[in-house]
Amino acid sequence: MARQEEQDVYTLDEALTSLGFGKFQYLVLCYAGLGSMAEAFEIMILSFIGPVLRSEWELSPTQESLITTVIFAGMLIGCYYWGFITDNYGRRNGLLRIAIVTAVPAVLTTFCPNYIWFLALRMMVGFGVGGGYVYGSWLLEFVPSKNRGMWMIIYYAYWTIGTILEALLAMVIMPTLGWRWLLALSSIPSFAALFLYIFTVESPRYLCAKGRINDAYDILRKIAEVNKTELPPGMLVSDEVTDLNEELLSPGENKTSSFNSGFSSLLMLLSPSLRRNTLLIWVVFIGNTFSYYGIILLTSQFSSEQSRHSSVALYMNNDQSLYRNVLITSLAEIPGLLISAIMVEKGGRKFTMALMYIFCILFLLPLLMSRLHESLTTTLLFGARMLITANFDISSVYCREIYPTSVRSTGIGVASSMGRIGAMISPIIAVQLIRDSHQMAAIIFFEAVLVLSATCVLFFPIETKGRKLIDTLVV
């Protein structure tokens, strides 16, 4: 009798497995990737705008660092806000708001008259860009569990494409049309995401988590039509209680009830069952964002003419050195993506992250020495960025997989928000210390952060490779 009942119903995971990864998911991937590219454009532009504004507006090193810090401050606030919005009002609702809040101030920055207006508008851009992770969470909820990690790494490739395109755009636009035109053209992906929003649909996993089974079924039926596949026979049911609830919990802890809305989502992240996961993930995200953006800023600083008195100065007599070196290290993300795409399914999330940290530490170590050749320094930064990119991507996959649907956006959002603390600190270390000829101190700081992050990865309680996503945790 029980066997007959099992044949009459199916869960969302079973439906997604039956539908496969087809045309519909490719379209979702392209839109989510566009959102990721928009975020990359708005972040990478900081590498090129800062040195120019320093000269044009006669800014101090502290004022130049503040240009980077304010956008990350905006992201810190936005990361939590957009997680709260999308967990309580829907993924699709959040995507529209994120696109508007990012695109409008981004293009308005083009017309800012002074430094104060520039800071204010870029902070607003940061607030919008802070929701960039929502695109990835939205995509994740359409993807079958098989090879889920690989498809998420492919999604992160759009960020890499964005960084490379922004570097190429800066090489062409900055010497001819100037920074205002670069800002204007860099806002195009954000506006594209806004205009194409009408083609998006709500996440069926979110709908199931909210008890809207019929609405979720309608979406699944649409996916089946586009993919030219069929849903399993029977009726869709909510998969609220699964054996994975036990496996998600930290060892020795009790389960917690599912909170439905409001700020209780944040409390759930810090409940006994999720507290260990949450705190470890926060430290890892702080370390990753500090290291990733710090390496980008190190490249910019080593390429700057003002760095000529530091022990390793990568500079030329014109700004093409900056564009070239940022472009080269941006290209490092391509092998980083390939490594993570292969290792994430072969070696698992935890092992791969720990391994990438170790090699990243080794690549930065030689920068402790003075008088390194320009090509060697560029190579070391290339390797470090390749590895931290792989680590950043895999940790983002792990974070999305470890949390249930009911708090997934809040979980990744708060983790990303905490990560922005690291991003806000990175200009102080990578810009001011290098400018003041304290290169060794800066590199030691980077190494200490990487060691701490690697240690936290080793304490992650479970491996999420191949595990089904869960929707809620219940008593």
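Cβ from N, Cα, C; glycine included.
Just so you know, TrEMBL annotations never went through curation; they're auto-generated.
Listed in TrEMBL:
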TRANSMEM  26-53  transmembrane segment
DOMAIN    28-465  domain 'Major facilitator superfamily (MFS) profile'
TRANSMEM  65-83  transmembrane segment
TRANSMEM  95-117  transmembrane segment
TRANSMEM  123-143  transmembrane segment
TRANSMEM  155-173  transmembrane segment
TRANSMEM  179-200  transmembrane segment
TRANSMEM  279-302  transmembrane segment
TRANSMEM  322-344  transmembrane segment
TRANSMEM  351-368  transmembrane segment
TRANSMEM  440-460  transmembrane segment
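Confidence for the domain 'Major facilitator superfamily (MFS) profile' (28-465), expressed as mean pLDDT, is 80.
Non-local neighbours of the transmembrane segment (65-83) in the same chain are 42-43, 46, 49-50, 53, 94, 97-98, 101, 118-119, 122-131, 133-134, 265-266, 293, 297, 409-417, 419-421, 423-424, 426-428, 431-432; each lies 6+ residues outside the stretch with a CB under 8 Å from one of its CB atoms. Residues 27, 31, 34-35, 37-38, 41-42, 45, 48-49, 52-53, 92, 95-96, 99-100, 102-103, 106-107, 109-111, 128, 162, 166, 169-170, 173 of the same chain lie 6 or more positions beyond the ends of the transmembrane segment (179-200) yet place their CB under 8 Å from a CB of it. Remote same-chain partners of the transmembrane segment (26-53), defined as residues 6 or more beyond its termini with a Cβ less than 8 Å from a stretch Cβ, comprise 59, 64, 67-68, 71, 95, 98-99, 102, 106, 115, 118, 125, 129, 132, 134-136, 138-139, 142, 151, 154-163, 165-167, 170, 174, 179, 182-183, 186-190, 192-193, 196, 199-200, 226, 293, 296-297, 299-300, 304, 306, 319, 322-323, 326, 330.
Taking every recorded stretch in 95-117, 155-173, 279-302, 440-460 and counting its Cβ pairs under 8 Å to the transmembrane segment (351-368), the highest total belongs to 440-460.
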